Amino acid sequence: MPIKIPADLPAYSVLSDEGVMVMSPDQAARQDIRPIKIGLLNLMPKKIQTENQFARLIGATPLQIEFSLIRMTEHQTKNTAAAHMEEFYRPFQEVRDEKFDGLIITGAPIEHLPFEDVTYWQELCEVFEWTQTNVHSTFGVCWGGMAMINYFHGVRKHMLDHKAFGCFRHQNLQPTSPYLRGFSDDFVIPVSRWTEMSQSEIDAAPGLTTLLGSADVGPCLVEDKAHRALYIFNHFEYDSDTLKQEYDRDVASGTEINVPINYYPDDDPSQRPLNRWRSHAHLLYGNWVSEIYQTTPYDVERIGLDTTDLRA
């Protein structure tokens, strides 16, 4: 939560420059409280696992969150019971007239396909356009983030020679970003992908700022202020055993796979993996929800119309 201090107090500008969340009494007086409405467009095969992962992170804040599960309209999932989808999910076409404070677009295990060859690509492009009028802040994750940054900026995804798989060290490139409050300078994030985005292409796209990056696996978290979006290519939301499940699955099927880097103690798969990213995962998603709370209109119907920043 923000600290409320007079705008003319020297600490106000000092803390603001350091990225600390501060709010003047006048700003606080203009800010009412209501539930934050966040949607999850779930493109992953294991729907329930993914729901739990993201709900755990955004539900850990002191704010009340209204969490809505959304699916692509025509795409039929094969890995989750139809009864579950019918009871808890709504198709995009059913929610497109609603407004959301936040939207998370998950990854999908289809990174080997060109974006245009994905069966639901046309509707997903409709979602991207819809976020500009109906969503205050959008968070694209892994393939979902790559798809968004490609759609809005033409940044391409590139196939890797070998799967980036494991827990890789990352660096905090923008310590004063409100999304990185409390972040260490150096930390690990789970990575599991066959594709990457080029830092040079991101740098060449107007309006993009890389917040987190890795010398080993490239850019990780990118801010797109013009489209009120964040794009993350790695997996802070992963459970402690998610990489283990992926590794065990591939070993059992005979698929060639390396032991995930820097995940098991001594890189020994017989040992229990250590979770060394959980605290930063909560920081990132908590900061995202907090930033939504600070900047979204009180009247949900003003989302996409009201560009006033309550901190201005």
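Heads up, the Cβ atoms here are built off N, Cα and C, so glycines get one too.
Neighbour count (other Cβ atoms within 10 Å of the Cβ, all protein chains): 18 for Glu111 (site 'Important for acyl-CoA specificity'). As annotated by Swiss-Prot, site 'Important for acyl-CoA specificity' applies to Glu111.
Among the features that Swiss-Prot reports, active site, acyl-thioester intermediate is placed at Cys142. Within the same chain, residues at least six positions away from Cys142 (active site, acyl-thioester intermediate) with a Cβ under 8 Å of its Cβ are Thr106, Gly107, Arg193, Ile232, Phe233, Asn234, His235.
DSSP classifies Arg249 (substrate binding site) as helix under the three-state reduction. Taking the Cβ of Arg249 (substrate binding site) as reference, residues of its chain lying under 8 Å away and at least six apart in sequence are, in sequence order, Thr255. Taken from Swiss-Prot, the feature substrate binding site covers Lys163, Ser192, Arg249, and the record attributes it to sequence analysis.
Counting only same-chain residues at least 6 apart in sequence, those with a Cβ under 8 Å from the Cβ of Ser192 (substrate binding site) are Lys163, Ala164, Phe165, His235, Tyr238, Thr242, Leu243, Glu246, Pro260. Marked as site 'Important for substrate specificity' by Swiss-Prot: Ser192.
Per Swiss-Prot, active site, proton acceptor is recorded for His235, and the stated evidence type is sequence analysis. Classification of His235 (active site, proton acceptor) by DSSP places it in coil, neither helical nor stranded. Counting every protein chain shown, the Cβ of His235 (active site, proton acceptor) has 22 other Cβ atoms within 10 Å.
Sequence annotations record features per position, and here Swiss-Prot assigns active site to Glu237 based on sequence analysis. Same-chain residues at least 6 positions away in sequence with a Cβ under 8 Å from that of Glu237 (active site) are, in sequence order, Thr50, Gln53, Phe54, Leu57, Val141, Ala281, Tyr285.
In this structure, Ser192 (substrate binding site) is part of a beta strand by DSSP. Lys163 (substrate binding site) falls within a strand segment according to DSSP. The Cβ centroid of Lys163, Ser192, Arg249 marks the substrate site; residues of that chain outside this set whose Cβ lies within 8 Å of it are Phe165, Leu243, Glu246, Tyr247, Asp250, Ile257, Pro260, given in sequence order.
Of all Cα pairs drawn from Lys163, Ser192, Arg249, which the record names as binding substrate, the longest spans 15 Å.
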